[in-house]
């Protein structure tokens, strides 16, 4: 910019010394009516930086939309995004949950079903894959903040597609640890988390219902895929079945293109190409005591949460015999979990603020008690009733995770809030079931394992009860500080007004 000009937000160039208003006053002509007193805020806004340029307010990512006054569409293109996210949840966790079907085919492909060592090594392929999805979540949240939901999701789906396609060509178990356990799982992780974050761009009042519908996708796919995979494996074999599953990942990649962001994108305040470490890793979320309780309370509950899902089938064989139709229990959990996600997702929309956490508290209490009830069920019908309740409240717990995260940290920080939580969840999900298996081997029965598995959900649920009280206390403190600051501003304005009045009186006398 040439010297002697001022670049305003309206892109007008005005000669130095001339006012920026519509009125122009010749040099040297008295212009008392148009002069701005020294120290006036209007003059401060027109002052440039060291280069003579006026700082232009940062525009939001959506032209003409103030981030503070952003109104969620509550529909429109958001419904397309919702179904795309539903497909993501279904394809990612549907394939993961159906690994038990692939497990048997892998044993036949690389050895024998009776080989205990091979069973152990093959089981680690599925465990590694599920663990990596959650373990990578904190890293995924950083990429989501920097690159956005669309690029992260599409790139992740593409990586997952490559990993699954490569797995269909392996001829030994070793490479599967890399192609399926790491590459495919990391791709799933990078495509999964943006599907939760993007929903907050389109929905607020209906966020609970939408999350319920989206998370129900995993239940629907979990129910359908085992039947489809069983048919494919018997007709086309293991390798071609994996190639058919690649179609799900390809559609997932296309679904990621629908993630059009609406909320303002985060920008670096330093003007550098690479943002500082404080903006890459958002440490502000850990300043919230409510979030800290939530982020550690849920993993604490999960040490026993997944034990019934892993060991229930083996327990049924030991208690009721191998000929028992134990698949009915998994079907009961899957169906009621799907129903629970619809019901409690909608219920959460009617519960204000962080009080939604009481739904998770109820879920943990019910699941903990049902875990303790499993050894007491000597009738198969009673065990079905227990599984129906567990599935219903499992759906409740899962469907409201994202809405609670939005309430605790806000839409701007929700990506890393969810990411760190999922990362912390990977530890108990990996550790809990093996501990239960160890107790079974030592004691010869699953009874003690199920009794102990009910304790962590009860403890975690009790810990989460503190969150509404902590958040209410924080809001009261912030309100008090805001009123105090407002009073101080009013006092300063009154004093300034009095000083201006005295100055004007002195000028009139002169």
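Backbone N, Cα and C define each Cβ position, glycine as well.
Summarising the annotation, TrEMBL assigns region 'Disordered' to 1-67 (among others).
Per TrEMBL, the feature compositional bias 'Basic and acidic residues' maps to 9-35 (among others).
Here TrEMBL flags 79-104 (among others) as transmembrane segment.
Here TrEMBL flags 124-144 (among others) as transmembrane segment.
Among the features that TrEMBL reports, transmembrane segment is placed at 151-171 (among others).
Look at TrEMBL and you will find 177-200 (among others) tagged as transmembrane segment.
Sequence-remote contacts of a segment are chain residues at least 6 beyond its ends whose Cβ falls under 8 Å from one of its Cβ atoms, and for the transmembrane segment (207-229) they are 78, 82, 85-95, 97-98, 100-102, 195-196, 199-200, 241, 331, 334-335, 337-338, 341-349, 356, 395, 398-403, 406. Residues annotated as transmembrane segment in TrEMBL: 207-229 (among others).
TrEMBL lists 241-259 (among others) with the feature transmembrane segment.
Here TrEMBL flags 289-308 (among others) as transmembrane segment.
Per TrEMBL, the feature transmembrane segment maps to 328-345 (among others).
Residues 294, 298, 301, 304-305, 307-308, 312, 315, 344, 347-348, 351, 383, 386, 389-390, 393-394, 396-397, 400-401, 404, 446-447, 450-451, 453-458, 460-462, 464-465, 467-468 of the same chain sit 6 or more residues outside the transmembrane segment (357-376) yet have a Cβ under 8 Å from a Cβ within it. Positions annotated as transmembrane segment by TrEMBL: 357-376 (among others).
Sequence-distant contacts of the transmembrane segment (382-406) (same chain, at least 6 residues past either end, Cβ-Cβ under 8 Å): 196, 199-200, 204, 207-208, 211-212, 215-216, 219, 294, 308, 312, 316, 328-329, 332-345, 348, 354, 356-357, 359-360, 362-364, 366-367, 370-371, 373-374, 414, 417-418, 421. According to TrEMBL, the transmembrane segment annotation covers 382-406 (among others).
The annotation transmembrane segment is assigned in TrEMBL to 418-436 (among others).
Positions annotated as transmembrane segment by TrEMBL: 448-470 (among others).
Nonlocal intrachain contacts for the region 'Disordered' (486-510), taken as residues 6+ away from its ends with a CB within less than 8 angstroms of a stretch CB, are lacking entirely. Annotation source TrEMBL lists region 'Disordered' at 486-510 (among others).
Summarising the annotation, TrEMBL assigns compositional bias 'Basic and acidic residues' to 486-500 (among others).
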Query: Per DSSP, what is the residue count of the compositional bias 'Basic and acidic residues' (486-500) in each of helix, strand and coil?
result: 15 helix, 0 strand, 0 coil
- request: Quickly jot the same-chain residues contacting the transmembrane segment (124-144) by Cβ under 8 Å, restricted to those at least six beyond its ends, or write none.
  value: 92, 96, 99-100, 102-103, 106, 152, 156, 173, 176-177, 180-182, 184-186, 188-190, 192-194, 197, 280-281, 415-423, 425-426, 429-430
Contact yes or no, the transmembrane segment (241-259) and the transmembrane segment (151-171), 3+ Cβ pairs under 8 Å, gap 6+: yes
Cβ-based contact of the transmembrane segment (177-200) with the transmembrane segment (289-308), 3 or more pairs under 8 Å: no
